[in-house]
Every structure is written in C-alpha cells, then in structure tokens.
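Among the features that TrEMBL reports, signal peptide is placed at 1-18. Taken from TrEMBL, the feature domain 'FZ' applies to 51-173. The disulfide bond annotation in TrEMBL covers 135-159. Under the heading domain 'Peptidase M14', TrEMBL lists 200-529. Here TrEMBL flags 499 as active site, proton donor/acceptor.
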C-alpha cells in the first residue's frame, strides 16, 4: 500500500482518537438529519447554526481556487464553519494528496468534485449544491482507481448524501474543466489528432486502471478480460475492440498484439496502452478509418505479457534516477537483462514448445502435416511459465489470423522461422512455406513506420539496410522455443516480431515521438488482416463444418476452420487453387484470382458432401499418440504451478502425477525406471 495512504489513515485514526465522541455527524446535523446537544467543533459563540445569519464569503481554499466561482458559504455541507476548519479536516488533506494516491488517475476531476462539497458556490447568501449526476458519473469512471490501491470511495463523495438532483437547481463542478477541454480540442488543426493521451509511463496498477477505464468508456465496442496470472499473481489483462465485444462473428478476422514479453522492453507496452486509448476515443469522435477497422475486425491487445519483469526493470530505472546514487545514467542504466525474464528467471520467448525441430525432422515426408503440430508430451515435464501457459491456452481458444509481438533492442521486423534448419548454424536463412506472405506482413509494418525501412536510418549494431528493415528470424540469430514459430506451427496464426528501437526503456520524453513513428504502422498492420481469402465450409444442409482443412496449392501449410466453419487464409495477390476437405466429407477445389488492387479479402465458400469414413494413410504412417487436442494431458502445469501450504505455513510443490504410481508399485524412486529401460 502507498505511503500516502498509510499516512492518511494514521491521520484519520489520530483524529478519531483525539476528537470527542459525538452522537451526530456535523454534516448530518447541518442537513437536519439529526441533532446534537453540543457541537464537536470549538466555537467562539454558543449560538446555533440556524441562528447565525448565513452570508457569502470569498472562496480562498488553496486546492479549490480553480472552480470557476469566487464566493462560497460556511457552514459548508460537511458542517465546517470556517475556512480554517475546512482546511484542517481530513477531507481537505485527502484532496491535497489524491493526485499522488491515484497516480494521476481521475485528476483533477476527483479534486474538483470534492472541492465542490467543501466549498459550494454561494449566490444571494444561499448555497448551491453540486449535481448528483456528476458525482455518479465520476464514481462510475473512477471507482476502479480506488480499488487499485485498496481504498474505499471517500465518504464525502456520497452521491446520495451530499449532492442534489438537477431539478433542485444544482451546479456541475466539472463544467469549467469541460469547457477548457472543448476549447483545446477546437484549437487543434484538422491534421492533428483530436485524441488526448498522456505520454508517460504507466505502472502495472495504472495500466490496469487505464485499460479498464478505456473499456468502460467504450463499452459498446470494448471490454477487458484476463487470460491468466503471472508468476507473482498479476493479471495478464487483454482489452478487446470489436463492434460486438465478447463474441466471434462469422467471417470477422481476429488479430492480436502482444507487448512487454521481455519485462525490460517497455516501449511496446506503452504503445499498446496508447493504441487502446486512441481506438476508443477516435471511434467515439467519428473517425471513419478507426470505425471501419473496429466494425470489421476483432482486435485483442495484451499490453504486458510479463508484468513481473516490468516491475524489476521499472524499479531499477527509478533507482538510477535517485540523486543520492552515483550512477546517473537514468533510463539507459537498464541495459539488456534486468527484468527481461519472468519471476522464475525464464525467458518467455524461449519457453514455448519447440515445434520447429519436429517440423524439420519430418518435413521431407510427403504425408506429414506441418499445420497444427501437436505439443509433445515431453514438453510438460520441463519448466513451463504460467505466462507461457496462459498465452498458449489463449492462442488455442480463438481463431487468430495474424499477430505482432512488440520487442526492443533493434529497429527491424523479423518473421519465422526463428530457429535455424541446421542446429549448428546460428545464422541461416530458414523460411516457412509462407515465406512470401510473411515478408509482406513484415513489409507492411516496416514501410508504414516513419524510419524503419529507410536505408540511411541509424541501426543498433546489426546491418539491415539491405533488407529495408525486415529479416528472416533465423538469418538474424537462431533460437528455439519462440512464440512466433509456435503460433505458425500449432495454429492458423501468423506472427511477426517487431523490434521498436535500440533503447529498450526509453525516457518519457521519447514516448510521444515513438507513438508518432509507430501509430500508422500499427493501424496499417491491423488493416492488413483483411487480405487473401476467407469463406465458410459447409455441408449440404448448410451447417458449418468445424475443423475442415483449406489448402493452397504450392504452399505446404493448411488452415483449419473455426467453430462455425469459417476460415481465413492470408495469401498474396495472384491466381491460387484452394482445396477444402474434412474427414468424412468430399474434397472440393476452386481456382481463385486475387487482383493486386483488391483492398479486402476475397470470399470463397465451399460445400462438402458427406462420404463414408475410410482409413487414412496418415493414420498408419503417423499414429500420433499426442494429438493436437492433448494440452497438458497429465495436468503437469496445474500440479507444479500451484504450491501447497502445509499446516506449518511452508509452501511446497505437489508431487508429480507419477509419484504415487511408483510408490504403490514398490519402486523406491523414479530412478528405477531409468535403470530398467
């Protein structure tokens, strides 16, 4: 909990202990809801509040002098009888620190509405109360910010108790702020963005608040959901944008953007937070391009895949800015390792199943399917990070078409394969069957970026000028267990890796320039999912066929249909022969021509006839025990991922699934198996 919260709670507790007990709150007494024989506050006179003549007085409260009026009245709504009493109260103290407590969230709105209670406007010696509707709207938008610091909603912002209805002649304490914002927006030229974003770093708590607040503001096109938790229990929070949030729509492609996989590579995380705010605001403001993207696409944004690593990286940056420390390199101090891994010290981009090696071993076999390669059972006996586990389940649960993972440390877009086809070669061109479409995806981002594809752009050590900012991953450097290779070989999804720049943790001054450099690239990448072909595979009764395969002649990588039979196949313009089939159904082929000027996906539907099921040659040649549907078949992750707390309060891991088997069989240890194989 924040130090400011602790200090405030200490002050409130001290106030309660030192103040005399009172049967009636001063505010309730003033409002006539109860009475007290003696006042809790010192008075120079014994006259009752109702006997005093109420008169307007000059508004002179330091934190409340920008309310748009100059006269207030005492006693106020809370029963404070003077400016001194109001400034001495816990309510005023809270307003003075609220910006820091909420990390800038809901500021200055909370302060202004709170000040309207402490110092309501006065006209003709009568108090005008703040509007209840303003209070209710504020609570709806800002309650999450208080929940993030485990603090209750302030009692003096009780909308029913201290605010008035519109018909009672109330005033809107945020009217001046709204007017200033309207003037600011109207002063922007048509070329400038009308969305206002605060280009500062967001802590994990701030990130969660921003995403939840954004989803609440645009609930008709957005919502947030968690795909799991990190090692230290932080949410892996996704914000979704579509015209029908929470639902897959037939033929609407799904795309995901992932940031902060390495905790110290933070620019991608910030760009995705800004993108979420931008999409929400621009859709509401009527930006036709943004409305078209959201109305025709289902977008999923995971701003931070490694929030634990971010905590480590951010804390080191904060320490480096401490004036008492001798090293003053600031954000540059966070080099290439601090916070990169998760809390288990696992590199998440080396933690996915190595399906690429399986592909290389079997690629020469004519009957081997290279799409939807199953996860080998042996993978689950290694150390699987909870972040990896959550993302794998997420990838398998939705029919993603394409994806981008945002990193830092270079200025380039890389694409699969990331693992070299020769394990002894660290730099070897290792293309997928979809080399041409991957190059086009990478080119889409690099060319739309302000400088990435320019040959004269300063790089970070590597030479990409001949490639105009894109490169095959294994040709750059080879590694196994990467997320992009896993996406391609295990699902329909095609993922690129975007390296955003040399500085992994740039200074805040660089955040706005980086947003300008990457905004068009991000939007162009979202639009690029609408290319190639899409369609529905149905039976003769018009029912969609789930799990049918759609292949393109010349590309040895099929895609499978989603729950309702719809599919998406990214291909470049030209003539293609598509074939659809499913187990127990006929095979249908169609020739398709996609012109170069086509700015949307061509639609190709298939109708398959039911046929008797015959044995497939693949069933005999490749009897895979671990099929695609087998995911953590022995429940290894759940057993190892959740520690058990003993009666003594000590955490221990549960024994693996095979332990009881060996014990019950009289085998002293698993080593017995190794000795007797």
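Any Cβ shown, glycine's included, is placed from N, Cα and C.
Minimal Cβ crowding within 10 Å, among the disulfide-bonded residues 135, 159, is found at 159. Geometry remark: residue 135 (disulfide bond) versus residue 499 (active site, proton donor/acceptor), CA distance 44 Å. Note on the domain 'FZ' (51-173): its mean pLDDT in the predicted model is 87.
Remark: residue 499 (active site, proton donor/acceptor) has 407, 408, 409, 410, 411, 412, 413, 414 as non-local neighbours, by Cβ distance under 8 Å and separation of at least 6 in sequence.
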